[in-house]
Amino acid sequence: MFRSASTGLRRATPGLIRHQPVTARPSPSWQLPIRNSLNAPRLAKPLGFRVYTAEAGFGKRDKKLEEEMAKKKLQSNPSEVSTTSSVRPLMEHSQNPEPMPDMSESLKHDINIIVDTVALRSVPKEAHLLGLAGTLPYLATSITTLYLGWDLNQTWAPGVTNMFMLTHDHAHQLLTFLEPIQLGYGAVIISFLGAIHWGMQFNEHNPTKEQTRFRYAMGVISPAVAWPTILMPFEYALMSQMMAFTLLYFADTTASTKAWAPAWYGNYRFVLTFVVCTAIVLSLVGRQKIAGGGGGSVLSGDEIKKRGDMGAYNAYSEKKSPKWERIEKEEVEKRKKEEVEKRKKEEEAAAAKEVAKEAEK
């Protein structure tokens, strides 16, 4: 009823009734602190705890209970006993041997590291093949020098080895031909290893000062050290080049760790340096044999004559050089001195025995 009356009143007097827009009235300022206080964190209630105490007699021995337990007999349970049950682990240490550490695993791990280093799997294929091919001239000259050193220490060769022997003149000619080749090739390779850093520097977009100095120094110092070695005696030149290869390896490894060279460059240089240094050592061993350090395998003309090979003796006497004549004379004099010293020692020993016999008498 009230709703219909209000509706009729609005219809009768539409101009008297105005609709006021509903607006949000701001809250009074006195309510803000109250609302903020509702959101403020409250302190937690203090934790409560209880204390439990034992009676005064706790922990004392109960002798009556012990006597009652001692009077009881142990019950046997055969059904719970088996052939595998034992009390030994409770009474003493187990006799089962403890598993030993597998040494083969650590050995396999070390072998895999060596194989990965030598295999150069991270090295690009082209650099891998060309680098190994670059060591072949060194190996060829070193093995040839080693063979010629053995050949020059053999005056004559019985049996099948005759077909592998060279005359001393041919061996000397081949040696004089190989020496400058090996030294010159080593100087070229050392210079090339320094020039690699120049190529890296030219390809660098944002080089640092330290990096630039290092690379240019490598490119300048390497040929400055390499080429004077060709003027040295052969043995000293080989040792100098081996030192240069070793120092270059350490420098290249430093560049690789500082990201101035590819990450694989250190292992790559290690393998190539190892091959080259091995070849140089073989060359030095061959030169030592040529110098007379082979262990006395040279046969003199008298020994050849004693063995009854007159053909070898005639060939030796025809082709022997002043060097071999000097060696033969030194050997003869050495043997004479040894025989004289041996006789003196025998005479001294005999005289000492006679003196001892007379003293006993």
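Placement of Cβ uses the backbone N, Cα and C atoms for every residue, glycine included.
Features reported for this protein in TrEMBL:
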- 1-28: region 'Disordered' (REGION)
- 68-102: region 'Disordered' (REGION)
- 75-97: compositional bias 'Polar residues' (COMPBIAS)
- 129-150: transmembrane segment (TRANSMEM)
- 183-202: transmembrane segment (TRANSMEM)
- 214-234: transmembrane segment (TRANSMEM)
- 268-285: transmembrane segment (TRANSMEM)
- 330-361: region 'Disordered' (REGION)
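Residue counts for the region 'Disordered' (330-361) by DSSP state, with H, G and I taken as helix and E and B as strand, are 31 helix, 0 strand, 1 coil.
Long-range Cβ contacts of the transmembrane segment (214-234) within its own chain (Cβ-Cβ under 8 Å, at least 6 residues beyond either end) map to 179-180, 183-184, 186-188, 190-191, 193-195, 197-198, 200-201, 207, 240-241, 244, 248, 251, 255, 260, 287.
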